[in-house]
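Features as listed in Swiss-Prot:
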BINDING   L121, G125, H126, L127, E246, S354, P355, F356  (6S)-5,6,7,8-tetrahydrofolate binding site
SITE      H229  site 'Plays an important role in substrate specificity'
MOD_RES   K230  N6-(pyridoxal phosphate)lysine
Amino acid sequence: MNIFNNNLHETDKEINEIIKHEKLRQSSVIELIASENFVSPAVLEAQGSILTNKYAEGYSGKRFYNGCEEVDKAENLAIERVKKLFNCKYANVQPHSGSQANQAVYLTLLQPGDTILGMSLDSGGHLTHGASPNMSGKWFNAVSYGVNKKTYLIDYDEIERLAVLHKPKLLIAGFSAYPRNIDFTRFREIADKVGAYFMADIAHIAGLVATGEHQSPISYAHVVTSTTHKTLRGPRGGLVLSDDEEIGKKINSALFPGLQGGPLMHIVAAKAVAFLESLQPEYKSYIKQIISNAKALASSLQERGYDILTGGTDNHIVLVDLRKNGITGKLAANSLDNAGITCNKNAIPFDETSPFITSGIRLGTPACTTRGFKEQDFVSVGHMVADILDGLKNNKDNTKAEQQVLHKVTKLIKLFPFYD
């Protein structure tokens, strides 16, 4: 058998069908998962290229394998482009994920048992910032900060109090569900006060930072981590940035050979393509549209009587607090899914329900903005979401509302392009 003549349809009909059905699903739903986006065909092409065949342990010019001349060029391009994008001196584009980017920082700056201070999960933080089930919560003495009980905004005075009390080796800024801007200047001031390193995880807001729509942490944080998907609209992966090149050298060693073996060169190449796309003028317009769309979505839900956490949003995330409505996040997300609107259940600060149930939902605008949605479209989406939530308040069986909204979703989504 000559494998070079085989295509997916001939080789594996089952996987081929799964991909076809997933493409149909993605094309026909309103995608509101805040951490998802649609990459360009160019990114897909690079990610599915023959670079997947190449093993390239090490770094450009210092590989443990021969034959790396072309993949060296690809990695060098990715590094130079992302350094230009974020205006920084150091970048590592090899992390397989944002989690591994964070782990590389921990391996560089910490010893087991050191104290870290990060945002709690229920306040919008990420697993890798010290949550007890995660290695960051098992290997280190993890202390958590939260948000103000009245405003649901980050309480910087509380962070400072905890930092003075616990003397963390590392202070972490970043979130997976927080709709407001972060004051990186204040974080660095707190870190300096207690002699801590400061790490900014900008996985969700990387696109906003790159385009100047959010304060950049590069001048304040000792090290910055991010994913390359979400608002950067690249392949799934991670990266590490810094203006401290000495820390950068240590991070290189921590990542390889400390955490990973060979980098995924097809992913690195796809990252390079995404970074090039992000350097184009139209990308700034895209990020501005993401934010405008999120504000429109939040306002439309507020007009329908739903509580938006913090009263609005500064970024791409809208958090809906359903506690006063007697609806769980799980029930809402499942009913929306039935109606062709995909989002995720999400904990609300000081949430007393299980993380598998939750009292809220998280909505995001990057994916549908990529498809061309504008403010008026997200106003319509907000009303569709509210129709489903209204139905859940009044009926145990929400089939009627789901069918009505699904018809509207189908009509709207057909107006916007998808992959051929």
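Placed from the backbone N, Cα and C atoms, the Cβ positions cover glycine too.
Values in this document were obtained by computation on a predicted structure and should not be read as measured data.
Residue pairs drawn from L121, G125, H126, L127, E246, S354, P355, F356, the listed (6S)-5,6,7,8-tetrahydrofolate binders, are separated by up to 43 Å at the Cα level. Reported as a whole number, the C-alpha separation between L127 ((6S)-5,6,7,8-tetrahydrofolate binding site) and K230 (N6-(pyridoxal phosphate)lysine) equals 17 Å. A helical conformation is recorded for L127 ((6S)-5,6,7,8-tetrahydrofolate binding site) in the three-state DSSP classification. Across the structure, P355 ((6S)-5,6,7,8-tetrahydrofolate binding site) and H229 (site 'Plays an important role in substrate specificity') place their CA atoms 24 angstrom apart. Separating the Cα atoms of L121 ((6S)-5,6,7,8-tetrahydrofolate binding site) and K230 (N6-(pyridoxal phosphate)lysine) is a whole-number distance of 19 Å. Other C-beta atoms found within 10 angstroms of the C-beta of K230 (N6-(pyridoxal phosphate)lysine) number 26, with every protein chain shown included. Under DSSP, the residue listed as 'N6-(pyridoxal phosphate)lysine' is assigned to a helix (H, G or I) in the three-state scheme. The separation of the residue listed as 'N6-(pyridoxal phosphate)lysine' from F356 ((6S)-5,6,7,8-tetrahydrofolate binding site), Cα to Cα, is 23 Å. Note: the CA-CA distance between H229 (site 'Plays an important role in substrate specificity') and G125 ((6S)-5,6,7,8-tetrahydrofolate binding site) rounds to 18 Å. With the fewest other Cβ atoms inside 10 Å of its Cβ, the least crowded of the binding-site residues G125, P355 in this structure is P355.
DSSP gives F356 ((6S)-5,6,7,8-tetrahydrofolate binding site) a coil state; it is part of no helix or strand.
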